[in-house]
Every structure is written in structure tokens, then in C-alpha cells.
Amino acid sequence: MSGNTFGKIFTVTTCGESHGDSLAAIIDGCPSNIPLCEADIQLELDRRKPGQSKFTTQRKEPDEVKIISGVFEGKTTGTPIGLIIKNQDQKSKDYSEIKDKFRPGHADYTYFKKYGIRDYRGGGRSSARETAMRVAAGAIAKKILKHYGIEIYGFCSQIGSLKIDFIDKDFINQNPFFIANKNAVPACEDLIHSIRKQGDSIGAEVTVVATGLEAGLGRPVFDRLDASIAYAMMSINAVKAVSIGDGFDCVTQKGSQHRDEITQQQGFLSNHAGGILGGISTGQDIIAKLAFKPTSSILQPGKSIDVQGNDTTVITKGRHDPCVGIRGVPIAEAMLALVLVDELLITRSYRD
């Protein structure tokens, strides 16, 4: 299987399955002498890990990361950084009834058609469990970006039809929904409770922002910065759409409204472009929005076929998120960090 490595200079290769022994990653191209310890990475993993609230999956994985190479006396050495996380709360028996069935809306069917074999336990390699290593790698990328004054944060901006206004950035990590609005918590709780009672799931929108960037990151034509961001975000499980800046709202805007005018004293007067023009950063905040589909693992029966092509019905057991977009926030942050640190290193190589 190819397609397990991301990046050009700062590269991340992941391996592991949902119910396998471990998850692992190799991060290559990291500059030397970056202060790094397991606690730095664990802070980010703890934001993503399952089983932290009644609003996400009840699979309880500690996601304790171990650095096995590339760090000496608390600093990166410039050699490949090896990371490993042991899976500890697998319940593979929950999936025994679907080992010969394809769950509708999942990658079961396509993996089987491509490889002629699949790990049916929790989706195997196609499971969002894989994203734990992305978040771990993203934690390292964030440390590098911080050195250059670049900060990344994300938040859940919509759950189902419930749009959530951005009020307080500091509140994002103080609630289980990663929302920036304290007043919206009760509505989010009621919505998720209602969805769970129905044995169903719901989609979500996640917004991710990068601040403190200089102008000039990114390359034309096929390596545009916004193209790289979209590529990274679309690689996240359950993401079905990505927009930059005003995104699809630009369809109804006029040019006189959408163009981001500039003055000598005030700089850019707006940021409809989301911090990117011509595939290159403007120095403004980079803003991306991701649409997460509702998970297909629900308690309601659905029509499908088995490996012999016979009609069947599937009811998914196991422990699943009623809204996968909630835990998608730290994953989106990690992928944006990986894109930006790679582009930063590429830009430095051009200038050097």
C-alpha cells in the first residue's frame, strides 16, 4: 500500500490499524536542536484521544506516545524521529458479525475491491485511529512554527444545522465540543444527546486558522499553498469538502466585495481570500473550513452486500462518535501545521 507518506522536506510516514498492536510514525526532515520531549506531543494527543466525554466514542485509549529515535538530551538531532503508540482498548469481537459484510458508507467495500483482503476490525487502516500519529507529528510541526511566531488553532463552527458563533478563543479547549462560544454548549449537548437516542450521527464544520505567517509561503502553479492545504485536509477521514477564506460564499459575492483592498497605512482591508492569493501567503491569517460527514457507523440497520455479492443488512456495533467532526479539530490543526512547516522549510531552501 502506497500513499502513507505526507510532505516533501518535512515528511511524515504513518503505519498501524485500528485494532492492531500499535500505531507508529517516522518524521524525517525535522531540523536539529528543536527542544522536544514526549510531554510536548502528549499535550496534543490528549486533545484528540477518545473516551474523554459522553459526547464522543467511549473507546478509552490513553494514546501514550513514546519517542524511540531522533531526540537526544531533550533536543532533536536532525535524524528521523520515531514515534509509537500502543493500542490498549480494542474490542475486536464487536466486529465479528460484519467480517463478511460491507458497512455502507465505509471503506470496507473499496478496500476489498482494491486489495482483495481487508481488516474488518474497526476499519483497519482506513479508521480515524490512524490520525493519532498525524496529531503527534503535528505537535512537532507546531513547535517549529512557534519558533517563527506562527500559531494554529481550530474550532468547531457548526454541528448539523446548529451554527456556532466565534466569541472566545480561550474557551475552545475548555469544553468537549471545541467551540468558541460558552453560550452554545447547552444546545450542542442537547443536539448530540438527541442524535445518540436516535441511534444516528451528525456532520460538522471545523474551522482552522494560522496566524503570524509572513507573506511569500507557497509556490505556483500546481504547488499552490491553498492546493496543498486542501490536499492535506481532504486526506482526513470523513472530510468531504474544504474551503479557503470565504469559500463557497464567493459564488454570490461581487468582485467589488470579494477583492481584498490594500492601503499603505492599514494594509489589507479584508480577508475574503483566506490569507492566500495566487497560491502564495499574503501575511494575513490563513483560514480553512472543513466539512465532516456524519459517521456511517450507526445503530440503525442499513442495506448492503456481503463479500459474495448477496444482499444483506448491517447494524454496526462497537463504540463510535456521534459526531466525528468534534474530534476533528486537533487533527485539522495538525495537518495545517504539517503543510506550513513543510512550506516554510521549502521557502527557506529557495532563499538560502
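Note that Cβ sites are derived from N, Cα and C of the backbone, with glycine treated the same way.
Feature annotations, courtesy of Swiss-Prot:
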- ARG48: NADP(+) binding site (BINDING)
- ARG125, SER126, SER127, ASN237, ALA238, GLY278, LYS293, PRO294, THR295, SER296, SER297, ARG319: FMN binding site (BINDING)
Ask   = Counting every protein chain present, what is the number of Cβ atoms, excluding its own, within 10 Å of the Cβ of ALA238 (FMN binding site)?
value = 21
Ask   = Under 8 Å Cβ-Cβ from THR295 (FMN binding site), six or more apart in the same chain: what's there?
value = GLY105, SER201, ALA238, HIS320, ASP321, PRO322, CYS323, VAL324
Ask   = Taking the Cα atoms as reference points, how far is SER127 (FMN binding site) from the residue listed as 'NADP(+) binding site' in Å?
value = 14
Message = Within its own chain, what residues at least 6 apart in sequence put their Cβ under 8 Å from the Cβ of LYS293 (FMN binding site), listed in sequence order?
response = GLY105, GLY203, ALA238, VAL239, LYS240, VAL324
Count of other CB atoms lying within 10 Å of the CB belonging to ARG125 (FMN binding site) = 19
Around the Cβ of SER127 (FMN binding site), the count of other Cβ atoms that are within 10 Å = 19
Query = Counting only residues 6+ apart in the same chain, whose Cβ is under 8 Å from the Cβ of ARG48 (NADP(+) binding site)?
reply = ASP63, THR131, ALA132, VAL135, ARG327, PRO330, ILE331
Key: C-beta crowding around SER297 (FMN binding site), within 10 angstroms   = 21
